[in-house]
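J.: The structure's right below; bear with me while I get my questions together.
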Amino acid sequence: MNDKVFTKAIKKQFEFDEEVAAVFDDMLQRSVPFYKESQKISEFFAQKALQNGGIAYDLGCSTATLLINISRKLQNKATLIGLDNSEAMLQRARKKCEAFKADIELENADILEYDYREANLFISNYTLQFVRPLIREELVKKIASSLKKDGLFIFSEKVISHHSKLHKDLIECYYDFKKEQGYSEYEIVQKREALENVLIPYSEEENIKMAKNCGFSHCEVVFRWANFATFIAIK
């Protein structure tokens, strides 16, 4: 189903409700540049982290596409756990897991309060940016403390530039991308307004500093397009 969420006037802040869940896969493909390519990076490193089994969490798993792809490529059995606080997303995730016969645990949970087991891998795709800055660092600390030594945290985020002109140009570049994907100027403005004060991105440097401050020995960008970046942090 095609994303038409913002073709009409929106009178509320953005939320992952049934209307968004119904078109979310299409929304990702058309809103996140090189989404499939960044996902393939996550899949590759997931195979590395889980080559001897273990546990992996996807925080904000949405419709579970990434976990399903990981499960199909694993050579050894591993425990894959998807967490999301949107029941609409999880309902679609469960149907997809059933259709693909994917053995994935899906839970409606608050990722800030969840009691994590010791894990080999955490993945967070465009989720941290929706966590308020005051508690974002606490979540990353919790992730680090729940990982085994040398465990991986793969996270993708929209990023900002602290150079005002470059920041403006990167946004313009991204809006050109969205127009190429068929979104109208009206839809772009509507979504931007709906996300205001809901999606709060950091710069590339701020994300790396946060990871290192929270218990990771190393963190770097492994993929970037304009103002979208994928990071890998190693405990």
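Any Cβ shown, glycine's included, is placed from N, Cα and C.
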J.: To which of N120, N125, N207 does Swiss-Prot also attribute binding of S-adenosyl-L-methionine at the site defined by Y35, G60, C61, S62, D84, N85, D110, I111, R192?
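T.: Swiss-Prot lists Y35, G60, C61, S62, D84, N85, D110, I111, R192 binding S-adenosyl-L-methionine, and from N120, N125, N207 it also lists N125.
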J.: So if I measure Cβ to Cβ from D110 (S-adenosyl-L-methionine binding site) and keep only same-chain residues at least 6 apart in sequence, which ones fall under 8 Å?
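T.: Those within reach of D110 (S-adenosyl-L-methionine binding site), by Cβ under 8 Å and sequence separation of 6 or more, are N85.
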J.: Can you see whether DSSP assigns N125 (S-adenosyl-L-methionine binding site) to helix, strand or coil?
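T.: Looking at the DSSP assignment, N125 (S-adenosyl-L-methionine binding site) belongs to a strand.
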J.: State, in Å as a whole number, the widest CA to CA span among the S-adenosyl-L-methionine-binding residues Y35, G60, C61, S62, D84, N85, D110, I111, N125, R192 given in the record.
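T.: Across Y35, G60, C61, S62, D84, N85, D110, I111, N125, R192, the widest Cα separation comes out at 25 Å.
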